[in-house]
């Protein structure tokens, strides 16, 4: 039965004869034949055949320097002495005679030659050297003559094979530099990643699963007039699972899957990128229907005319133009689906993003609480854990973590448990792994003085105090004065995963961040460089409030952000006067929050001092210790609110499910109740 969907029918083979295609192995064979012919038809200039009588006469005149007698061939090879060539060759041109001219003589036998030579030595006192050999080995002579050349050719072939080994284009060496480097996965490949291995990303998985479903069952969509998307672009931060999603597509789709990186198109040779694009789509058309996955497409898809090097004829632009033509030009790419991934969609060329090339943009964002729980469930499968490990608890402790970060946490926890000689990975190991990733390696060996420890303790206690007393500050988890990474102390928070952020929330976060510097000034009467990172974060946040969010009193409702990313920092969308006003507003916002931080710390001086002393004594404190000093927080965090709403929803779903189960059970009981006729054995 003929397939309804013509786009999935492979192109029929043309009746035209195939064009002649050059094979590099033919060149190797041609060189070998030429060498053999050169050896067999060796130029005889500089050599001469003599008769036995003439040879005897010349030998007695001491014309020859040395002779070689081949016993089996009854042949003598004699080399003429310098200055004696005229006696042998007459008036022949010197250039044809050569440097060491030779003569060849057919002798009656080796014994007769020996008799002649002995007599000539006795009578004429000749000094010619004579050597006897069994015979002339043609193969050996050939190897001696052309062995070095053959060796060079062999080395050259080996190097060319090595150079072309990574291109996937077979032999050809530098001649295959324009071939695509795509890796091909088909049904014969051993694939391990499926959609079951991709936790979270429900919406993104649905989009790509639809593409796979279309490839498996195209009639379901084509009967309604639908067409498969020509391309899908996966967009999202690093580590969120874009490439993993593509691997799952390769594992699920029963069609060939080409995979390569955007940088594979770029080469030092001009024109190679465009050639590789053409070759990639040629291979894809031959195996259609198929999927082509281009990872990090921003390496080749950057917007034209906006390159930082200001090169008007950039090689990358030529490659992009060819890619645009192949994706949706006059040629037909029926059955070839393009899947690409990038974390810089803002710099991609607009022509690349339009419908007809990438019909779908699938946003792969950082996982939320439920998605992190699912991701932990996947990565905890191969790890031996005890009953203390709870995926939901770990998900709450890792806000803002990507899928790659969560995989790293699980691996670090297993390594920490193995380092400590444990048989199972415990909750404590996971918490240490989170601390290791967020704060860096713990450095208890770093020596600090008593004055430095006091300064660090007051600094961290200032952060903890303000984060506890401010409504919109991130909830505190842990504070330590043990050096980690580059920091001498650190505080861990559970960032609120907000969908929108208000001015008050930003101000509370800035105030809590400035709490360390404010505590140093209030308690110690001096400030240190320990707050440099805090000041950097606060400055960026205040600048964003003024320039991007329009939260300034003197510059309200204005946004100076260029979302296209094409200005390259060469221009500013505001005047010098406005720039000065921006600096003034940023300074004003920071000063207000710094004064606010000092005021709150002054009002809670006793609690701050107790917290700093506990830090000095124990080095590490948790939210329970802060709660013991300041009391329970008066506000509920957004994460806790979401958890409570989710628990209520789960409770309602469970209650509804129980009611449905009871109703089904009641219906079954009514249906199965026997009638009076059935009881007496009659047919109802």
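Backbone N, Cα and C atoms are what each Cβ position is placed from, and that goes for glycine too.
Pulled from Swiss-Prot, these are the features on record:
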- 460: active site (ACT_SITE)
- 236, 237, 238, 239, 240, 241, 242, 243: ATP binding site (BINDING)
- 459, 463, 534: Zn(2+) binding site (BINDING)
- 647-662: compositional bias 'Basic and acidic residues' (COMPBIAS)
- 647-684: region 'Disordered' (REGION)
- 1-21: topological domain 'Cytoplasmic' (TOPO_DOM)
- 43-138: topological domain 'Periplasmic' (TOPO_DOM)
- 160-684: topological domain 'Cytoplasmic' (TOPO_DOM)
- 22-42: transmembrane segment (TRANSMEM)
- 139-159: transmembrane segment (TRANSMEM)
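Feature map: Swiss-Prot annotations on the structure.
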{"residue": "236", "record": "ATP binding site", "DSSP class": "coil"}
{"residue": "241", "record": "ATP binding site", "DSSP class": "coil"}
{"residue": "460", "record": "active site", "DSSP class": "helix"}
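Checked against residue 239 (ATP binding site) by C-alpha proximity, the recorded positions 459, 460, 463, 534 yield 534 as the nearest. Sorting the topological domain 'Periplasmic' (43-138) by DSSP state (H, G, I as helix; E, B as strand; all else coil) yields 34 helix, 27 strand, 35 coil. The binding-site residues shown are 238, 242, 243; of these, the one with its CA atom nearest the CA of residue 460 (active site) is 238. On the backbone, the CA of residue 463 (Zn(2+) binding site) and the CA of residue 243 (ATP binding site) stand 39 Å apart.
In the three-state DSSP scheme, residue 534 (Zn(2+) binding site) is classed as helix. Excluding the listed site residues 236, 237, 238, 239, 240, 241, 242, 243, the same chain places 341, 343, 364, 402, 403, 404 with Cβ atoms within 8 Å of the centre of the ATP site Cβ atoms.
Mean per-residue pLDDT, taken over the topological domain 'Cytoplasmic' (1-21), amounts to 45. Same-chain neighbours of the Zn(2+) site beyond 459, 463, 534, judged by a C-beta within 8 angstroms of the site's C-beta center, are, in sequence order, 460, 462, 489, 491, 513, 514, 515, 516, 517, 519, 530, 531. For the pair residue 242 (ATP binding site) and residue 459 (Zn(2+) binding site), the Cα-Cα distance reads 40 Å.
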